[in-house]
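**Student:** In case it's useful when we look at the structure, here is the feature table from TrEMBL:
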type: DOMAIN; residues: A:7-120; note: domain 'Response regulatory'
type: DOMAIN; residues: A:136-201; note: domain 'HTH luxR-type'
type: MOD_RES; residues: A:ASP56; note: 4-aspartylphosphate
There are 2 protein chains.
Amino acid sequence: MTADDHIVFIVDDDGRIREALGELLESHGMRAIAFESACDYVRADKPDVPACLILDIELPDINGLDLQKQIADRDHPPIVFITGHGDIPSSVRAIKHGAVDFLTKPFSDADLMAAIHAAIAEDREKRSQRAELDMLRQHYLDLTPREREVLPLVVSGLLNKQAAAELGISEVTLQIHRRNVMQKMAAASLADLVRIAERLEIPITHSRRVGGN
Amino acid sequence: MTADDHIVFIVDDDGRIREALGELLESHGMRAIAFESACDYVRADKPDVPACLILDIELPDINGLDLQKQIADRDHPPIVFITGHGDIPSSVRAIKHGAVDFLTKPFSDADLMAAIHAAIAEDREKRSQRAELDMLRQHYLDLTPREREVLPLVVSGLLNKQAAAELGISEVTLQIHRRNVMQKMAAASLADLVRIAERLEIPITHSRRVGGN
DNA sequence: GCGCAATGCATGGGTTTCCATGAGTTGCGG
DNA sequence: CCGCAACTCATGGAAACCCATGCATTGCGC
């Protein structure tokens, strides 16, 4: 419960720091892997568990902030920056881009551990969110092209009749597509389907007029 | 279009700074009001337009970061911090709590103006979001107690019959409540109502079982 | 006490949805 | 060329939903 369900990555070019951090983390029962450079970190294949990246700003190959930016879109763990010569603009940029904390050496063990715990908790939450979303996206991929046209019409609140007219097909056929969509998306009800579509950011194409019914 | 649809508040105890900032903003065609202390700012009644608060960290009555915390829950404009003696922990805390930027004197006019424009744009967006939400909340207040019980059941995807059973009333009565809810919430369709309930954070009480139908 | 809002129920009729059965066309890959 | 997936459509019955009319009870404020 304390060593296998999370991991801490350390990227620092100073071997003594890597060692000290590794020992600190071990003494708190946490698993850690240290890298000497950003390149090593990026290339390594990392276990797929809630994690945290302790990142030094001054690295031999690339600036820590630039690394943050590079891996921003991808699927990366929250970052805790540490630095010997930090400046305010860097810290502002780091936090704005989502870093959990920005610590200047020397920092207290307590501060670092607090940041790490916050980061791992954040990653845990983020992962669970993403897992759910991935499942929905997987279901969406199961839809046929036609079903993908039907979905937005249905969650827009159109009647089957109206949606069918929109696609130029018969109401019967649309009902079949609609039914398949519900099944493939594992939606228990229309309300459910609407919420699922919301999370998949399916755009509302037409909204039914109130008086139009 | 450039002076009346936004305003910049300045809180700084240094009269020269206030004057300089006021002139800078005026030269950019922006309206500004300056205050000498946090107390003055809080007490003043401020125009209800997209705004931005330029806040000095070192104030006579209260620390700028504490002021940020105090007005955090309330309805306050985005903050751009400026300071003569900033430190990294302060900047981290400020940005974490939502500040737009954290500038140390001396800073360039361009940096400040960029931050201000970003802040006002942010506020504009936030206000438009809140305006919509307020309207929905107003509609929600129009609902009777019973209608407020019906809403979550309906958006959970329950059949009228099931929701009625849940409340121990007849299906007919529930249909009437349901209809009133739709009308009062200005929902054009069930899909619409689900999205509205989502934004109002109406919890899902029961979810219909797939096979149950 | 009277009016009014909120809540409750019934009946009836029209519309929509849900589901199953059955079946035809098209296009692609083995 | 055969099978299969995708798309199409019809019919028909059961269930659910929408709506209007009409009415009873309760509790609160004027």
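Positions of Cβ are set from backbone N, Cα and C atoms, glycine also.
In TrEMBL, annotation is done automatically, which means it is predicted and not curated.
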**Student:** Do you know the mean pLDDT across the domain 'HTH luxR-type' (A:136-201)?
**Tutor:** 95
**Student:** Applying a 10 Å Cβ distance cut-off over all chains shown, what neighbour count does the residue listed as '4-aspartylphosphate' have?
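**Tutor:** Excluding its own Cβ, the number within 10 Å is 19.
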**Student:** For the residue listed as '4-aspartylphosphate', which DSSP three-state class applies?
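**Tutor:** SS state of the residue listed as '4-aspartylphosphate' = strand.
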